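Following: one structure in structure tokens, then a few remarks.
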């Protein structure tokens, strides 16, 4: 299971800076969902192959009834979701009453909490941390998040050893195509999951799982095996009525990561909103195949339907490769037709292509539209081969590929997608420059070249002497 790390502490102690360092990017996989996860940001990190999720909170003042009680509630919710809690304090400001109250709350929570003294740069770290030892935490780490000091040691000490392959690949133990159904609260995820399962009269039963674990439900349909990854908490058929869901980013990230194909459910009556785009960003960053289901299509006026279709076409024009379905999960309209896209997405994501075919596509693309010139030299793309699947990765070798414009990369992606007939799945490209085979060789002249060089030098000396004599005269 992916470890979840929560960062808590007073405002402005460096939580967001540490968050950015742990996710290794200021625009890493980050979501900020107003109203649902206010003042909580979620990101993914990776340390030596060990993935983890980081939750950044807005800050605790130590007083739950303070100016922003909602901020305190969200921070406490992050603590409940986490496996590991990092309690950040400011080494420059020293120990405060707010720090003491937060420490007391963490002790009562029973969570695995560690003290992290930040902003220790420019002073003696031991002196900066001295006051905080009185808080009584078993482990204390000294870091300078702004300068990325001490963070790798922190991760090395806290993250568990990689799980054994049997546990690590638990998703692989489930048969067939794994389908993750994700979406905002109350868009109809539970209804859709039960409709998909109910089409073959599969009995849905309670399965064990914690508050942040997705539920894996294997089933068969028309001779094909599938596993639905449920983030909405589907239970017995008698409890199918859509209630207010508890939205969990943790479940969503887990479902996307484990899935072969992701079905994103959008509420047609509310239209496409920013939170939907955030979720699409999660799917694209994970490189998963995508099918979009616009739900609650029944009972809408023709004018409203046209408006929604226009909005989807305009705001999702960058997803022209993903199939879009207008469905009613409640009545089952259009649900069965999605399986055709699910199957096509899976086949595209798991495809294997020979090197000679990929190279031929590359050469044809270059012949039709050559790469631009850089410093008077044409960028050359020599050959291509496959570097992975789910998502499909195409590795292109050439020279000066670092200078290849984004527009040309998109041209290559569209060309490969069209020729290979890839549906629903993103194609990732990696560009590698070929090394110069003569770079490490000593420049040795042949005997003939040596004679020519000597003659040129002698000729140059004679010309120089002649010019000097002319100047003296």
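Any Cβ shown, glycine's included, is placed from N, Cα and C.
Database features (Swiss-Prot):
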type	residues	note
DOMAIN	3-166	domain 'EngA-type G 1'
DOMAIN	177-350	domain 'EngA-type G 2'
BINDING	183-190, 230-234, 295-298	GTP 2 binding site
DOMAIN	351-435	domain 'KH-like'
COMPBIAS	444-458	compositional bias 'Basic and acidic residues'
REGION	444-473	region 'Disordered'
COMPBIAS	459-473	compositional bias 'Basic residues'
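Overlay of Swiss-Prot feature records on the structure.
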| residue | record | DSSP (3 states) |
| --- | --- | --- |
| 183 | GTP 2 binding site | strand |
| 189 | GTP 2 binding site | helix |
| 231 | GTP 2 binding site | coil |
| 297 | GTP 2 binding site | coil |
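Here the compositional bias 'Basic and acidic residues' (444-458) has, by DSSP, the following mix of helix, strand and coil residues: 12 helix, 0 strand, 3 coil.
Of the listed binding-site residues, namely 186, 231, the sparsest Cβ surroundings within 10 Å are found at 186. In terms of DSSP secondary structure, the domain 'KH-like' (351-435) contains 32 helix, 26 strand, 27 coil. Each of the binding-site residues 189, 297 was scored by the number of other CB atoms within 10 A of its CB, and the lowest score belongs to 297. Per-residue pLDDT, averaged across the domain 'EngA-type G 2' (177-350), gives 81.
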